[in-house]
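Okay, structure first, notes after.
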Amino acid sequence: MTDTRNGEDNGKLLYCSFCGKSQHEVRKLIAGPSVFICDECVDLCNDIIREEVQEAQAESSAHKLPSPKEISGILDQYVIGQERAKKVLAVAVYNHYKRLNQRDKKGDEVELGKSNILLIGPTGSGKTLLAETLARLLNVPFTIADATTLTEAGYVGEDVENIIQKLLQKCDYDVEKAQMGIVYIDEIDKISRKSDNPSITRDVSGEGVQQALLKLIEGTVASVPPQGGRKHPQQEFLQVDTRNILFICGGAFSGLEKVIQQRSTRGGIGFSAEVRSKEEGKKVGESLREVEPDDLVKFGLIPEFVGRLPVLATLDELDEAALIQILTEPKNALTKQYAKLFEMEGVDLEFRTDALKSVAKRALERKTGARGLRSILEGVLLDTMYEIPSQSEVSKVVIDESVIEGKSKPLYIYENSEPTAKAAPDA
């Protein structure tokens, strides 16, 4: 095979046998027995082969469903604590995709139902992270929707079918892939009924949205405009069957623990009164573990909606020790992320133990759980990240408790010199 660049052989102009471009229109023309191929067609062939290999790998990995123990083990690498929730999720997700792998087999008279999941836990306890990690592990399309932005059809706001549109966007509008995806609906507690008594007044963002979501979650054929276009009568829609999409709903459900305590301590004098005082002394997480479907109905979810979320998993409120673990142990721990950023500048970043404790305490005071850790560290390290790229002689930065509390600035250690601390800010 020969490489023809200018190809003035016999004064004849040469062309690519595949795309028809001349040798002057491409960078390189490769000659074979009576044929030529240009560099652009070679690149195109490589892309086609690469896509086919990736699709084959994705199909083979889809058939290799990890066991519940394996799923839980991978979740352990990213989510600290919440062992019960991880176990519940691992079993539910395993059974869901096992059901999908069985659905096309003939001769099986038992029809397996879908088990959607409801996650209940305080803000920043890991609900969204659990759902994200599951989708990444299973290599399926995943999208997050905020229930507070949803309204009934015909009202200003997001239509519930927009959720399916977002899922389609995640997989380049491949309907087959989307129908195997996972949807996480956050803040589901915010669309609860304002009271547990049915009302004749219109509740645009509450019960009405629950009714609309009900159809989507239990299984319907949603009509979605192609490539994100607006709906109009003459348009052809993509038809997406939601029967096999796994829906995971999550919410903090603030006040639900009181509903549970009222149920478990209803009435009572004498000895019962003593039991009631013990119930009231329970932590929120302990109370939430005793949740029953009737409690959710009392909270404001309609019975039909609760019935479509048969798998309940509760998450505990994170304490100081758990927050410190979150800062240091997971694969994507924040201290590891910031250390990597500093490493790119040739600088070591060290967090002292007292600094980690101080960060955890501040997050607890803000009641933001793990979600607030990044904003705390970002604020503490902002000035340092601003200065470091301009100071090539700095080899190490040390963060201690006084830095987190704003009493002093980080300790800078310079190459071939003694450690020096920046001057403390003016009081």
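Glycine too: its Cβ is placed from the backbone N, Cα and C atoms.
From a predicted model like this one, the values you see are computed outputs, not experimental measurements.
As written in Swiss-Prot, here are the features:
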type    : residues                                       : note
DOMAIN  : 4-57                                           : domain 'ClpX-type ZB'
BINDING : C16, C19, C38, C41                             : Zn(2+) binding site
BINDING : P122, T123, G124, S125, G126, K127, T128, L129 : ATP binding site
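A map of Swiss-Prot features onto the structure.
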| residue | record | contacts (Cβ under 8 Å, 6+ apart) |
| --- | --- | --- |
| C16 | Zn(2+) binding site | S22, V26, L29, F36, I37, C38, E40, C41 |
| C19 | Zn(2+) binding site | C38, E40, C41 |
| T123 | ATP binding site | A252, K367, T368, G369, R371 |
| G124 | ATP binding site | L318, A363, T368, G369, A370, R371, G372 |
| G126 | ATP binding site | V79, I80, G81, Q82, A85, L315, L318, A370 |
| K127 | ATP binding site | L119, G121, D186, G250, L315 |
| T128 | ATP binding site | I144, Y184, D186, G250 |
| L129 | ATP binding site | Y78, V79, A370 |
Residues that sit under 8 angstroms from P122 (ATP binding site) by C-beta distance, when 6+ apart in the chain: A252, V284, G285, L315, E317, L318, K367, G369
In this structure, the one of the binding-site residues C38, C41 whose CB has the fewest other CB atoms within 10 Å is C41
Proximal but sequence-remote residues of the same chain as S125 (ATP binding site) (Cβ under 8 Å, at least 6 apart): Q82, L315, D316, E317, L318, G369, A370
Mean pLDDT, the domain 'ClpX-type ZB' (4-57)? 82
